[in-house]
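This is the structure, below, for whatever I ask next.
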Amino acid sequence: MAIVSSNAGSSAPRREPVLDAQPLPEESSGRPDDGLRPKRLDDYIGQDELKQVLGIAVQAALGRGDALDHVLLYGPPGLGKTTMALVLAEELGVTCRITSAPALERPRDIVGLLVNVQPRDLLFIDEIHRLNRVSEELLYPAMEDRRLDLTVGKGSTARTRSLELPPFTLVGATTKAGSLSSPLRDRFGLIQRLEFYGQEDLEAIVSRTADLLGVSLSAGACRRIAGCCRGTPRIANRLLRRVRDVACVQGRQNQIDEGLVSQALSLHRVDHRGLDAGDRRLLAQLDQHHDGGPVGLETLAAALGEDPTTLESVVEPFLLQQGLLVRTPRGRMLTEAARAHLREQEVA
């Protein structure tokens, strides 16, 4: 689904999505520290249960003088998995080496990563569910026995050579924990899910980011941004940046109120529930052309001109979470709450 802030059918250049929790190019520049990330567990807002579990594990590892057990972090994008890995490295006082599974296509890629690991280092692999089978099999003995098994030579001259590895911690991050193979998943000592953030935590995050960006937000402005970000800090920070852009153009960086936030969100076609034009188009399609459903995914995707996988994995989760859409064996159905929201938007 095209979650974009530009008008449908417009000839203007397509803008970057503001309500997609995937990182934008400006947020994926390769710099692990953009100045907004917390550095210690005490500074990390929200995810209290996760912080408690990992805090105990960190203290125990430091007390033993050993590496932290391997950690798997899973959950929707934009909730702070990479940030938590960096925080763990800071708490442990070790180096964090960051990579992603798509960058480890060949065996030599992951071998090079493992042979250069230092004692107690933290190795972070994002999108770990996308590792290929060969890379996974190289990780098995490395994670369990701190050993790297290499095959040298070919055919009848091939022989296996084992290299001892220093103690290290692998932190894997994924949005699809079910896509990990059981042998890989079972080798993680700590498996933790990150949850969507509540309004109070999001307001604290927006307020903190505003301070770091040097902008002044009223309480109402902070509350409005936090209420439109789909429970996701990455989206909250992105919306704040777009609000800051409008404030900068109008010369109002030091007086951002709720009215200015509403103006900026309206520019990007984001409503008070955090739905954008693409979300409302899907709901309107069901309401106006299919009498609320049920409608099959393929039919709905064809009517909207979208890819079925995009609808299912990117668009629908938030609508389902908000109680605006229902999946049934016969297809997608609109809820009364969705109808009420569409009518409300028509009046507005």
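Each Cβ is built from the backbone N, Cα and C atoms, and glycine gets one as well.
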Pick the one from Arg120, Arg159, Arg230, Arg234 that Swiss-Prot also lists for the ATP site with Leu36, Arg37, Gly78, Lys81, Thr82, Thr83, Arg187, Tyr197.
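Record check against Swiss-Prot: ATP site with Leu36, Arg37, Gly78, Lys81, Thr82, Thr83, Arg187, Tyr197, extra candidate from Arg120, Arg159, Arg230, Arg234 is Arg234.
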Just give the helix, strand and coil counts over the region 'Small ATPAse domain (RuvB-S)' (198-269), going by DSSP.
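Final tally across the stretch: 51 helix, 2 strand, 19 coil.
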So how many of the residues in the region 'Head domain (RuvB-H)' (272-348) end up helix, strand or coil by DSSP?
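Per DSSP, the residues of the region 'Head domain (RuvB-H)' (272-348) fall into 47 helix, 9 strand, 21 coil.
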Give the helix, strand or coil assignment DSSP yields for Thr82 (ATP binding site).
helix
Given the model, what does the mean pLDDT over the region 'Head domain (RuvB-H)' (272-348) come out as?
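It averages 89.
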